[in-house]
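Report on the structure given below.
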Amino acid sequence: MRNSTATETDLIDSESVILIPQNTWYFKINWLLQVIACSAELAVTVLFWALEFNPMEGTVHFFNLSVHGLGAALVIIDFMLVANPFRLLHFIYPILYAAVYFLFTYIYFVAGGLNPSGETHIYRGSIDWGTIPLMSLGVSAFAAFVGATLIHVFFFLLYLIKLSFAKCCGFCNNSFSDVYI
């Protein structure tokens, strides 16, 4: 069996070794989308429970749990099971995604967009460009730059845990010196 290189992954078949190149365009797109999706889903979950959910208004509904809890759990499970590499320096992608999203919320407000209740705010008390534009800008900037970076660091730490588990169980012969930042 050949050793893996930086551009190939070995998959063991019952009869031979199949080499899959990792530098193909579709692998890179998959990798990019996984980085963005993991960060975005966890950010949605954290921001919903921290800023939007009000426990004084009632009980937790199944819809809120499934959209703002189950999704994050599934993303973390998927992240731990999929063997994609994860780079700390790719934090720029979730930041760009978040910045584009918050820019969209502003454009949506300027264009006259309304929420399902017919009001102009998107997230009550945190992103309301019509009533509290400076706070909306601050929350957006903080979420895009600090929040997205912290969530990306969280996933990088999960990646290191995943690598140590794989090494401990004999699935991987890489050491932590092989981890690319």
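Glycine is treated like the rest: Cβ placed from N, Cα and C.
TrEMBL: automatically predicted annotations, no manual curation.
Residues 64, 68-69, 71-72, 75-76, 79, 82, 84-86, 90, 93-94, 97-98, 123, 125-126, 139, 143, 147-148, 151-152, 154-155 of the same chain sit 6 or more residues outside the transmembrane segment (31-51) yet have a Cβ under 8 Å from a Cβ within it. Annotation source TrEMBL lists transmembrane segment at 31-51 (among others).
As annotated by TrEMBL, transmembrane segment applies to 63-83 (among others). Sequence-distant contacts of the transmembrane segment (63-83) (same chain, six or more residues past either end, CB-CB distance under 8 Å): 9, 34, 37-38, 41-42, 44-45, 48-49, 53, 155, 158-159, 162.
What TrEMBL records for 95-114 (among others) is transmembrane segment. Distant neighbours of the transmembrane segment (95-114): 36, 39-40, 43, 120, 122, 127, 129-130, 136, 140-141, 143-145, 147-149; these residues of the same chain sit at least 6 beyond its ends, with a Cβ under 8 Å from one of its Cβ atoms.
Within the chain, the transmembrane segment (134-161) has long-range Cβ neighbours (under 8 A, six or more residues past its boundaries) at 35, 38-39, 42-43, 46-47, 51, 76, 79-80, 85-88, 90-91, 94-95, 97-99, 101-102, 105-106, 126-128, 176, 179. TrEMBL lists 134-161 (among others) with the feature transmembrane segment.
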